[in-house]
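In what follows, a structure is listed as C-alpha cells, so that the remarks can point back to it.
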Amino acid sequence: MTKPVGWCATWLPLIKIAQAICHFIVIIMFIDGRAQWWMYNAIFLFCFLAIFFSLFTILLRFFELTDLHVMSFNFAAMVMNFILMAVCLALAGILIWDITNMRDGPGKIRYHQRLAPANIGQDAWVRRCVVAATSLLLAGILYLITYLKLRGVSTN
C-alpha cells in the first residue's frame, strides 16, 4: 500500500527534501579541496549518509513500510533526526571555528595538511566553507523542526 501522490506535498517530504538539498550543497562545496583537512572528508561523507537517510525515510513512509517490531517508526525517526541535528550543528560549529582561523592567517591553520587548491584560492575556499557552514546550520534547524513535529505526532 502506498500513500496518495498528494502526500508528497505535505510537510514531512518537503522538509526531508530541503534537508537533502542542504547536504547536497555541502557536497558540491567540498568536492574540490577536501584533502586539506580530514574533517572536510568527514563532513563530505556525513552529507552523503544524511542524504541517504532523508530520502530513505521518505520512501519508507510513502510505501508505508514503517512496521518495526522493536519500537515505533516515529520514535526511531525522532531519535535519528535528533542525532542528525546534533551532528549538523556540531559540524557547522567546527566549520565556523575553522573559518575564523582561516581569516586570521596561515599561522592559525597549521592543522590543515595542505593549502587550498590553486584553482580555488584561499579566499574562495573560505567563502565555500561559509556556504557549507550555513547549509549545515539550516539542515540542523530543519532536523530540529522535523524532530519537534514528529514528537507532536507520536504524543497524540
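Cβ coordinates come from backbone N, Cα and C, glycine included.
Features reported for this protein in TrEMBL:
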- 12-31: transmembrane segment (TRANSMEM)
- 37-63: transmembrane segment (TRANSMEM)
- 75-97: transmembrane segment (TRANSMEM)
- 125-148: transmembrane segment (TRANSMEM)
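Nonlocal intrachain contacts for the transmembrane segment (75-97), taken as residues 6+ away from its ends with a CB within less than 8 angstroms of a stretch CB, comprise 39, 42-43, 46, 50, 53, 57, 68, 129, 132-134, 136-137, 139-140, 143-144, 146-147, 150-151, 154. Packing against the transmembrane segment (37-63) from elsewhere in the chain are residues 1-3, 7-8, 12-13, 16-17, 19-20, 23-24, 26-27, 30, 73, 77, 80, 84, 87-88, 91, 94-95, 98, 111-113, 132, 136, 139: each is 6 or more residues past its ends and has a CB under 8 Å from a CB in it.
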